[in-house]
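Structure record follows, encoded as structure tokens.
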Amino acid sequence: MGTELFNQAKPILEKIEQHGFEAYFVGGSVRDYLMNRHIHDIDITTSATPDEIESIFEKTIPIGREHGTINVVYQGTNYEVTTFRAEAEYVDHRRPSEVYFVRDLKEDLQRRDFTINAIAMDKNFNIYDYFEGDVALNQHIIKTVGDAKERFKEDALRILRGLRFQSQLNFTIEGDTFEAMKHQIADVEHLSIERIVVELKKLIKGQNVSQSYLNLIDLNFFNYVPFFRSLDMKQTKVNSPISFELWIAILLTVEQTNTSLSDLKISNNEKTKINQYHKIMIEMPQVSSKEQLKLFVYDYGMNNIIDIIAINSILEDNNIKIASPLIFNLQSIKEIDQHLPIRSRRELNINGGDILRITSKKSGPWLKEVLRQIEIDVLTNKVPNLKDELLKWVKENVKI
């Protein structure tokens, strides 16, 4: 199972070997192959230096030359090829002060984070496992390569990566490894929020998120991270996979706060999505009629509302009041969405300029209120979305 990507990349290994160097598949792709999981990306490790890789292949991109990584472009696909390397002491709990190249596979593998990620495989699917990674896979255990405290001291992100693997793979964190996490957890404050968010997005969607989330709480992880440290995270529960945006919206709703999302350094689209989810969670329980539901679907979008309904159990776990299932059911929501006369204010056959012309009034907050009322009346079928009818509505309802 899952040999196709390896076979596609096999000629790269063969070409490196033809020039007298070693080359292996390594890391997550090998781990997932051994677990019969879907394989996303292929990483290659080699005894050849970046200069030697660039001389072997016609098309390369030096994406991380200083760290030994060259992108080899083969048949339209990019493959990261990294030289066997060892690392000097780490600085700032996140990066080595120096990287130097070696010619020994075992020396390269021993610098990696967890035993399940320190397994290599050659072009013929022979496994090279010096640190009992396969044993850990069979026992469903997350365990560091070598001394756990040293691994986490080198790069504190490995703590979060370990919890992320626990969530994604449904594994258990080995006892000494978890104790080392506790010992080094304060080092998390040295990490960039961007690196943390990348890992949290994967962790929160994992099949074993409930245990990983409890471990995050137990480790006091959130006390060391901007945005989260201002929230009472011990109040929150996540017992099933959820998107990052939904999770953050739950935190805001539980805390009854509008804490700024700027500390998370996420995209504007993600911020917008979180704020929409947050408003839906707050306002949903107040919707008590089909007419109100129609406006709600128009304002927030069918898909966003369905996203919230799908996590009702998580909302209840967090003592967030859920919407009435008699009103908020998939059939009603889809039916309303299908028959909405307009989907945005832009679809109204009247605009602010039209209203100003027939009222001879100056623009102001009143104009926005009038347009909103027109939206409501069109959506509730009190007036058709026809220009003449809408102009007539303005003359009858707006004092000139």
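Glycine is treated like the rest: Cβ placed from N, Cα and C.
Listed features, source Swiss-Prot:
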type: BINDING; residues: GLY28, ARG31, ARG112, ASP155, ARG158, ARG161, ARG164; note: CTP binding site
type: BINDING; residues: GLY28, ARG31, ARG112, ASP155, ARG158, ARG161, ARG164; note: ATP binding site
type: BINDING; residues: ASP41, ASP43; note: Mg(2+) binding site
Candidates ASP41, ASP43, ASP155: member of the binding-site residues with the richest Cβ shell (10 Å): ASP155
Cβ neighbours within the same chain of ARG31 (CTP binding site) - under 8 Å, at least six residues apart: ARG37, ILE116, ASN117, ILE119, GLY133, LEU137
Cβ packing number for GLY28 (CTP binding site), 10 Å threshold: 17
Secondary-structure category, per DSSP, in which ASP43 (Mg(2+) binding site) falls: strand
Integer Å distance between the CA atoms belonging to ASP43 (Mg(2+) binding site) and ARG112 (CTP binding site): 14
Per DSSP, three-state class assigned to ARG161 (CTP binding site): helix
For ARG164 (CTP binding site): intrachain residues, at least 6 apart, with Cβ closer than 8 Å: GLU199, LEU200, LYS202, LEU203, GLY206, SER212
Among ARG158, ARG161, the one of these binding-site residues whose Cβ has the fewest neighbouring Cβ atoms within 10 Å: ARG161
Alpha-carbon distance [ASP43 (Mg(2+) binding site); ARG161 (CTP binding site)] in Å: 18
Neighbour tally for ARG112 (CTP binding site), based on other Cβ positions within 10 Å of its Cβ: 21
Rounded inter-Cα distance in Å - ASP43 (Mg(2+) binding site), GLY28 (CTP binding site): 8
